[in-house]
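Single-structure report; data block below.
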Amino acid sequence: MELEDIVEDKSLLEDRKKTEKLPYPKAVGFIVTNEFCERFSYYGMRTILSLYLRDKLGYTDNGATVIYHVFTMFAYFFPLVGAMIADAWLGRFRTILYLSLVYAAGSTLISVSAMPQLSLPTMEFTIVALLLIAFGTGGIKPCVSAFGGDQFKLPEQERYLGYFFSLFYFAINAGSLISTFLTPILRADVHCFGDNDCYSLAFGVPGILMIVSIVFFVAGKRLYIIKKPAGNIFAKVSSCIGHAIVKSCKSKEKREHWLDHADDKYDAGLIDDIKSLLRVLVLFIPLPVFWALFDQQVRTTGKDKYDAGLIDDVKSLLRVLVLFIPLPVFWALFDQQVRTTGKNKYDAGLIDDIKSLLRVLVLFIPLPVFWALFDQQGSRWTFQADRMEQDIGSWTLKADQMQVLNPLLILVFIPIFEVAIYPFLTWLKLIRKPLHKMIWGGILAACAFIISGIVELNLLPTYGTPVADGLAQLRVYNGFNCNFTLNTADLNVLDPNATHNFEIGPLSAYENLNIIADDFVDLPYFLQGQPSTECADVAFSGYFHLKEKTANSFFINKERLYNFTDNNDKAIDGSSVRFLTNLNSQVEISIYNIKKNSTLLNIRSNDTAQKTIAKGRSDVVVNGNVVLREFDFKSGAVYTINVFEDAAGVYHANDVMITPANSIHILWLIPQYVVMTMGEVMFSVTGLEFSFTQAPTSMKSVLQSVWLLTVAFGNLIVVLIVEGNFLDAQWKEFFLFAGLMLIDMLIFTTMAFKYKYHELRSSEENLAIEEIRLPEKTSQEKPEKK
């Protein structure tokens, strides 16, 4: 079809074809700098967030993972709200400005609350700060790129607009790359407020960059082209459904479908498309039954109570959901307003655009599963990296720094895929359409989680032996510098009444980690010191009172058999150490780090609590005497150090490692990051291109917001699975997500092969048609997911 056949007004066409030599908009520099600073702030904060929640706020791995993904979910839900505010009320400039101030307030709050000297309610302030940041970053996300596009006059500056989006994308990745590398250094290598880290500084620098981004954004105001709000397309689409509901309640006429009641105002094609959409939504109705059955399964396996923290989280979620209850009333009032203003029909072009929009939205249904996997780079994969050896020579690659691989590889892979890989796959006939690329991208994401599951299986031996249902652990520490004989039952053998003799070496320990127990078990014992030594006269007898699913420990000293509950959980951010002393009097014990030239620990000898110290070679000093010289405290290991003072006043010490050190190197995670980033290039970048080209011009901002909404739902999937807690090992969870991704791609493949691609018109045709249909030409907008 020729353009002249579409447009009768040839003079209008000729005017649109004319080009002018216009200078590159200077305002773009302020917008790009603003985006760089904002992305630095967001990714810098998010990189260290999961470790902060676990290490400083005391959440478990699961709890920190849930909060991390709830935060990410809201950060990708609020773009929908931001787009509505910008289009219907404030406009893009004021929306960006006001929500950036909210963002900066949240960044400041989380940094200030991390200062222990202020004694603030850190947990509560952190949650509030995260909500502010999520609202701020999410609200401005769909506005900044579109506002940048507003600065160009089309079609005269169409080539410049392409340069802008390239520069804009580079700013996003540059901010992400630098902050992901830098903030872990500020977190771990800077010490402040008496701690071995400095989270307040690590949060503070991104907060300062957010303030700088606001300054740059405001500084360019006099150069900006600021357009008025264009109207809320979401309201136009939603009001059709609202109108049908109102009419169906008032009318006694029976119609084939309740949506047919809207045909007095809406085109029949639009109504049919909404019916199709609702038929898809109906498929979600049975899901609560699944969760009810799942909850019953949890109960029958003995987990009959949920954690109080989970209950509080659910309460908070319900409070938020209650806020959505008035929305139907709003749409009813909106519909009434449409009636009273006399706008009884929507433009036929708008209805056609909605039809095209719905055809693309159906394909978005399987997309959240990909984001469920992708966004775990900042949670599960970071925790996995933290359980691995991180030293590379004299340099330490921190667990949260591994996330820098993603933006780095993105910049490397995009040109490689365009120049080499896509042509090769096309030659092999593996990809012919954009959706085919997305299918392979999803499969690669599943492969990445299979790799992470295999890595996790290899990490299991380094975790030590966890306490388990039906079992009790027993450790007996020898506090003397001579042998002890332990006579006790061994409940691992076929004959539960059998007794055995075990030798416990000097300042060493005996352990049995798999004793059969039902709530409690009493184990008879007799302990006798080695004859002809200074402990020959030391003997104890009685029963070990062992509790199920507990690390029960006992320490032999001069006075009695001292019992306590051990903690063999893998050390976080360093090594864990406990001192058990058998001395003539109380003295000071210290650990002096040679490399850092500082004292890591200084306690009294009667302090038996487990402590966390920095890894590395250190001297263990008792009452001024070095008892362990240049002892290598390894990352992740848990040590018990037995100290004995003999009759001559000489101190002796020995270490007992109850949990192995991190021995598998962190670089083994590179393959899963490489495969996941390859999947992102094929899935995310292609998905953005597909949704942008297949959506009508007037609906591109809608598609951008819905695309970001799929990220929010993906994080919700993670929250539901983690809170379900029905898998007892991390490797099983990784394989579960991989399986879900493969099933999801099978469904998506079926949908992709049925999809009929929208035939694109030339750019000149689109320009001419938009001139006719729209009173004001809107700038091209390019979706962004980062």
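Heads up, the Cβ atoms here are built off N, Cα and C, so glycines get one too.
Under the heading transmembrane segment, TrEMBL lists 66-89 (among others).
Taken from TrEMBL, the feature transmembrane segment applies to 96-115 (among others).
Through the fold, the transmembrane segment (127-148) approaches residues 28, 31-32, 34-35, 38, 42, 45, 49, 67, 71, 74-79, 81-83, 85-86, 92-93, 95-96, 99-107, 109-110, 113, 164-165, 168, 224, 701, 704-705, 708, 779, 781-784 of its own chain, all at least 6 residues removed from its boundaries and within a Cβ separation under 8 Å. If you look up TrEMBL, you'll see 127-148 (among others) marked as transmembrane segment.
Per TrEMBL, transmembrane segment is recorded for 160-179 (among others).
Feature annotation from TrEMBL assigns transmembrane segment to 199-219 (among others). Listed as Cβ neighbours of the transmembrane segment (199-219) (distance under 8 Å, sequence separation of 6 or more from its ends, same chain) are residues 30-31, 33-38, 40-42, 44-45, 48, 52, 56, 96-97, 100-101, 103-104, 107-108, 110-112, 114-115, 179, 182-184, 186-187, 190, 192-193.
Under the heading transmembrane segment, TrEMBL lists 276-294 (among others).
Under the heading transmembrane segment, TrEMBL lists 314-335 (among others).
Sequence annotations record features per position, and here TrEMBL assigns transmembrane segment to 356-374 (among others).
Long-range contacts of the transmembrane segment (404-425) within the same chain: residues 173, 176-177, 180-181, 377, 431, 437, 440, 670, 673-674, 676-678, 680-682, 685, each at least 6 residues beyond the stretch ends and with a Cβ under 8 Å from a Cβ of the stretch. Summarising the annotation, TrEMBL assigns transmembrane segment to 404-425 (among others).
Marked as transmembrane segment by TrEMBL: 437-455 (among others).
Taken from TrEMBL, the feature transmembrane segment applies to 702-722 (among others).
If one looks beyond the transmembrane segment (734-753) by at least 6 residues along the same chain, the residues whose Cβ comes under 8 Å of a Cβ in the stretch are 362-363, 365-367, 369-370, 372-373, 376, 380, 433, 435-436, 438-439, 442-443, 445-447, 449-450, 452-453, 456, 721, 727. Residues or ranges marked as transmembrane segment by TrEMBL: 734-753 (among others).
Only pairs six or more apart in sequence are counted, and the transmembrane segment (66-89) with the transmembrane segment (437-455) gives fewer than three Cβ pairs under 8 Å, not enough to call it a contact. Distant neighbours of the transmembrane segment (160-179): 24-25, 28, 31-33, 35-41, 43-44, 47, 145, 148-149, 151-152, 154, 206, 209, 404, 407-408, 410-411, 779-780, 782, 784, 786; these residues of the same chain sit at least 6 beyond its ends, with a Cβ under 8 Å from one of its Cβ atoms.
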